[in-house]
Structure formats: structure tokens, C-alpha cells
Amino acid sequence: MVAIMSPETRPAPADVPAVPAETPVRVRFCPSPTGTPHVGLIRTALFNWGWARHTGGKMVFRIEDTDAKRDSEESYQQLLEAMDWLGIDWDEGVEVGGPHGPYRQSQRAELYQEVITKLRDAGYIYEAFSTADEVEARHRAAGRDPKLGYDNFDRELSDEQKQAFRAEGRQPVLRLRMPDTDITFTDTVRGEITFRAGSVPDFVVVRADGNPLYTLVNPVDDALMEITHVLRGEDLLSSTPRQIALYRALYAVGVARYMPEFGHLPYVMGEGNKKLSKRDPQSNIFLHRERGFIPEGLINYLALLGWSLSADEDIFTREQFIEAFDIHQVLANPARFDEKKATAINGTHIRMLDAADFRGRLVPHLQAAGLVGESLTDRENKILDAGAPLVQERVALLGEAVEMLAFLFQPDVDIRTADGALKGMPADLPAALAAARAGLDGIDAGSWTVESIEAALRAALIDGLGLKPRQAFGPVRTAVSGKKVSPPLFESLEILGKDSTLSRLDRFAAEQADQAEQAEQQAAATPEA
């Protein structure tokens, strides 16, 4: 057993040098594989990635998977999927390897035990046997709040006291000895922060079963992987004095070379004044993807959660973000996730896409909606080629485009009239439908073009019936799409073809006639008051 050094002989915490100016930037993203990737987590990955790419440094992606009860392979795969979809790549870590592996904490047990031995031998960590009840009892006896936490009682236990505790069957935890002085550091986001001496008690770094805790392994990994900047969420700010104290001990025993810079990113708020929870739908990265966010749009918006390119410029590309991003310009105030703004920004990026690129990105969403199969048929390809350009300028989400184009892929018999689609129809709807059908039927199949379709409908409905354009074309739009709003009508009819257009007009006219007849019968059967 290593004897605990006396206060007179125990080494004082070392002054750890700052990161040398010429040292290349090394950041890390180190999530636990629990749950679904959420906005706050991915924003942290983005800012680390942005700083590494801006400075020409490296990003390390490691996994903190020491909680066997909560960690899952499914969550790990989802992390990889989210990072891959957004294009946030890494230079070292899981799946790619590197000189500081392994990159999963569950595979680094031997490394941690070596460090624990060094810290024990040097007197920086000590055995603690006190139970939570004993700590509370001592606080009460001294007139203190019983919930103050650990009171550092076990710091100077004698060998005899330890032996007595062991004789009772107790197994000790290991605690790091916190310095008896203030801890001050400069946060890259928040400026100088001081934690007063005595405000942070000695904390557990190794459980009684010998397994190290996050409080130990996270800084140890940072030190061994030579991380220069620890950029993480504001919720971890309170743990920083513990990490600084541990870094001092790690430097003293030769594990750490320097103290990294710490930067704590602002909370992401949801509706009201609540922090955005990982359980909130707005926080789920994959739900945003399902709705039709594209990586460029979501990356742009996530970057605005605590940072901006300029005061009057919200739209930027990935390359512009990398060129301009500076961790020292991140704001400390909480950032609010604004769904409407995020959607609008995504729409701008959709409009910036090359037409062929936009078309290709619609395919998975069409497949998810059951509108096309795994391999598109010639007919489906032609519809998509012609239909995609009609909606690219009109949508903010890919899902909206699929919804707008769905009627072009659906069989005629599957078209259903949406609620509210009949509002604003001409007083004599049957006459309008009959005139439209007659006009379109007069077009030769070989001349079924946008120009001929528009000319025929204008002649039949505007010139022939004297209807205004909105009333004139509304019945045709609803007949073929089932909706009040659709992509440009004449282009849509050209894509559908003459046979399908006439079939849908006939079905809609028959449907309206049936409903009118049912209404008359119901009125006749209702006795007068």
C-alpha cells in the first residue's frame, strides 16, 4: 500500500504551461453513444470541426462508452450516420484510426490504470471510505447544510483507520485532491472565470470496484491525445475546475504536456425560455432530415446558434463558414432554435442547388413516400426530370417538393380531393369542368404542349365562359392534383399527358355530380321547419 504523503512532503499542484503558440490545433468530439443525435450535440461537433478546418488543425472523434447500461451500438451507428450525412469528417478516431488509439474508452482500460497508478504513487489521489450518510451527519454536527457534498474528511486517514474500514468490509473510492487555492482560467467564449478555493470538493475519479469515472478518463484522453482546445457545451462549465486540477496532476506525473484552452458553447433554447431537450422533436437531427432539410441548410443554421458570419449575413456555404469561423467570436448568450428561420435558410440553400443535384436529392424522399420504387422506371425518371424544376424555387424543404409532386406519380384512381380544395370554385362548376374537358380533348395528342394546353384552357374558360383566371383554372388544378395549390398548371398537365388529364377531369366531374345529387336527396328528405 502506498502511504499518503503528509501536507509538508506532498508535491504542490504544478503550474501547467499553456499550449505553445506553434502547436497545431487539435480538437475533439467525444459523445456517449446514447439516444439519437440531437441539435446541441451536433452543433458542438460542427464548431469543433469548423475550428479544426479553419486553422488547418485536426479533429479527433472518440467515443465515451464506459456506461454499459446506457450505451448502445445503435446509437453509435446513428452518430456515424449523422456525421456522414452532414459532411462533418474527422482526421483521427473511430472508424479511421490514428496514432492515439484506441478511440473508444471501453478499450482503454490498461492506459487508465497506468495513469491511476502514477497519480496514486505521487499522492494526487487518495482512498476515501466515507459513506454519503456519514458525510451528511458530519455536516449536521458542524451546523452546515447536509447537502453540501463531500467534506474532504478522508484526505489524511492513517493506515490504521484504513485497515479498520477494510475490516468492516468497505472498499474505497479514489478521490482527486483539489487545490486549496482559487482556480482561474480564461474561457475562449466567456472570458476569465474564477472558482473560489473550497467551492469544489475532492471528487471521485475511480469507483470502489476499480473502474475509472468520466471525471478521470475524459481529461486523461485529452492529455494523451494532445488536445489543444476543449470546446463543449455550457452545461459542462462547472466541471472545468476539476479538469484543471486533474491536468495539473497529470502534468506533474508526465502524462500531460500543456493545459488546453477551454471554451463553453451557449445553451440552445427551445420554445419559451426552456433549454432545448434532446427529447424535443426540434432537437432530433434525423427528424429534420426526414422533413427535407439538406446538409448545407442545416449546417448553415446550426452555425448560427452562437456565431454569425456578419451582422447582416445569415446565408453562407460550408466553405465560407470554414474560412470565417473563429471560436473566440462565439457568443456566450443562449441561442434559440427558430424552426421558421431554419426552414427559410434551408429553402435558400435548396434554390442554390444545381438542378440535377436537386432532382437527385428528391429520390430518397419519393421512395420514402412510396411514390417510386428502389429503381426508377423510365416513366418515373421522365416525370422527375420535368417536375423537379417546377418546384425547386417554391419549396423550403425537400418534403414539401415531394408533397407538391406526388400527384404526378400517383395513379389516376388514387387522386383524392383535399379538404378546402373546393373553396372559391365557379358557381357553375360542372359547366367549367365540361368546357375545360372539351377544350383539352380538342388538342391532338402529338401537340400536347404547355402552349397548346394554355391556349385551349384560356379559350374555353376565360374567353368562352368569361371566368377570371383564378376561377377558371382552379377546377382543373383540383381535378388533376386533388389540391387547391400545385406546381404550374400547364406544365403539370403536359407531364401528366392527355389521357391521364382527361381521366382525372372525368373522375372529378363525376365525383362532384354524385355529391351534388346526394346533397339534393338529403335536402328533399329533410322536413321543412
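Cβ coordinates are placed from backbone N, Cα and C, and glycine is handled just like the others.
TrEMBL does not curate its annotations; it predicts them automatically.
All protein chains considered, the CB of LYS278 (ATP binding site) has 15 other CB atoms within 10 Å. According to TrEMBL, the ATP binding site annotation covers LYS278.
Sequence annotations record features per position, and here TrEMBL assigns domain 'Glutamyl/glutaminyl-tRNA synthetase class Ib catalytic' to 25-341.
Residues or ranges marked as domain 'Aminoacyl-tRNA synthetase class I anticodon-binding' in TrEMBL: 366-508.
Confidence over the motif ''HIGH' region' (31-41), given as mean pLDDT on the 0 to 100 scale, stands at 95. What TrEMBL records for 31-41 is motif ''HIGH' region'.
Under 8 Å from some Cβ of the motif ''KMSKS' region' (275-279) lie the Cβ atoms of residues 35-36, 38-41, 267-269, 334, 337, all in the same chain and six or more residues away from its ends. Per TrEMBL, motif ''KMSKS' region' is recorded for 275-279.
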Using DSSP, how many residues in the domain 'Aminoacyl-tRNA synthetase class I anticodon-binding' (366-508) fall into helix, strand and coil?
94 helix, 0 strand, 49 coil
